[in-house]
Amino acid sequence: MPGNTFGHVFRVTTWGESHGPAVGCTVDGCPAGLPLDVADIQRELDRRRVGQSRVSSQRREADEVQILSGVFEGRTTGTPITMLVYNTDAKSHHYENIKDRYRPGHADYTWDAKYGFRDWRGGGRSSARETIGRVAAGAVARRLLATFGITLVGYTLQLADLRAEVFDEAEIERNIMRCPDARVAALMVERVDQARRELDSLGGIVEVRARGVPPGLGEPVFDKLQADIGKAMFSIPAIKGVEIGEGFGVAMLRGSQNNDPFIRRDDGTIGTVSNHHGGILGGISTGEEIVVRLAAKPPASIAQPQQTVDRDGNPVTIEVHGRHDPTVLPRLVPVAEAMLALVLADHLLRQRLARVTWEDRSDD
C-alpha cells in the first residue's frame with residue numbers, strides 16, 4: 001500500500017491502525033545536531049490527545065511517545081527518527097455489529113472497493129488516530145523551523161455559523177475550542193453540547209498561520225508551495241476544503257483590490273502593504289505571513305439511525321455507537337499545524353539545495 005510517505009528531503013512515513021498495538025512514524029532527512037527532547041513531541045501530542053475535554057472523543061489514551069531511534073544525548077543524529085505511541089484503550093467490540101455495514105460518510109465502502117479487505121476496528125488505517133504520527137513528526141519539524149525563526153499558530157476560526165470576530169492569540173489555549181475569541185468560544189461550546197445531546201456533529205474551519213518564513217521557498221512548477229500545502233491539508237481526515245490567503249474570496253475582487261503593493265521596509269527588506277496572497281506568489285513564499293484555512297466536515301460517526309447497505313448490497317439501518325468527537329476542530333488544530341510545519345521544513349531544506357552562492361564556496 002503506497003501513499004504512506006510525505007515529503008522529498010524531510011520525509012515522514014506514518015504507520016499503524018486505530019485499534020492495532022501502536023501507531024507512530026519515522027522521520028528521515030532531519031539534519032544532525034538539532035536539539036530535540038521527548039518533551040517537545042509530547043507537548044504537541046497532548047494537544048491532540050483524545051478525552052481532553054467534553055467537546056472531544058471520550059476514548060482515554062495517554063498517548064505517551066517513545067523515541068526509538070535517531071536521537072542521542074538530546075540531539076538528532078541525522079539517521080531516521082522513529083517514534084511510537086501504544087494504543088491502550090481500544091474497544092473493538094463497539095464495531096462488531098456493524099463491521100459488514102457501510103457507515104455513511106466513512107471510508108468503509110471505498111477501502112473495500114480498493115483492497116477487498118479492511119481492518120474494520122475503529123476505521124483501521126483510515127482513522128484519525130493515524131494523525132498521531134503526523135503530529136509527532138510535525139513536532140520535530142517545528143524544532144527545525146524554530147532555529148530559523150519560523151513559528152506557527154493555529155486556531156478554530158469557525159464552528160458551523162459561529163465565527164471568531166476577535167483575534168487574541170493568548171486566548172487560543174485558554175478555552176477548549178482553541179478559538180481566539182473568548183465570547184464566541186463559549187457559544188461554540190454550547191453549540192457542541194447541543195449537537196451531542198441531539199446525537200449529531202458539527203463541522204467548521206481551522207486557520208493556521210506561519211510567521212518568519214523567508215522569501216524563496218517553493219519549487220515551480222508542480223511542487224509549488226501552495227500545491228504541497230494543499231496536498232498536506234487535504235490528506236488530513238475530514239478535510240473537504242483548503243484556502244490560502246484570500247482564497248475563494250478572490251472571485252469577488254478586482255485586480256486593483258487583490259494586488260498587494262510591494263514596499264521597502266525600514267530594515268531594507270521587501271514586503272507588501274496587504275496580504276491577500278497569503279504569503280505565496282508564483283508558488284514561492286514572499287516572506288509575508290502564510291495563511292491557510294481548512295474546512296472540516298462534521299464527524300461521520302453519529303448515533304442517529306441512518307440508512308445504508310451491507311457488503312452484499314442489502315438495505316440496512318445503522319447506528320454508530322462508541323466514543324466519537326462531536327466536532328474535530330480543537331484536535332484538528334495541532335494536526336494542521338504539524339502538516340504545515342512538515343511542508344515548510346521540507347521546502348526549507350530543498351531551498352538550501354537550490355543554488356550555490358559565492359559565499360558558500362570555499363577557497364581551493
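The backbone N, Cα and C atoms fix where each Cβ goes, glycine too.
In this view, ARG48 (NADP(+) binding site) is surrounded by 25 other Cβ atoms within 10 Å of its Cβ, with every protein chain counted. The annotation NADP(+) binding site is assigned in Swiss-Prot to ARG48, ARG54 on the grounds of sequence analysis.
According to Swiss-Prot, the FMN binding site annotation covers ARG125, SER126, SER127, GLY282, LYS297, PRO298, PRO299, ALA300, SER301, ARG323, on the basis of sequence analysis. Of all Cβ atoms in the shown protein chains, 20 besides its own fall within 10 Å of the Cβ of SER127 (FMN binding site).
Cα separation, SER127 (FMN binding site) to ARG54 (NADP(+) binding site), rounded: 20 Å. Taking Cβ-Cβ distances under 8 Å and a sequence gap of 6 or more within the same chain, the neighbours of PRO299 (FMN binding site) are SER201, ALA238, HIS324, ASP325, PRO326, THR327, VAL328.
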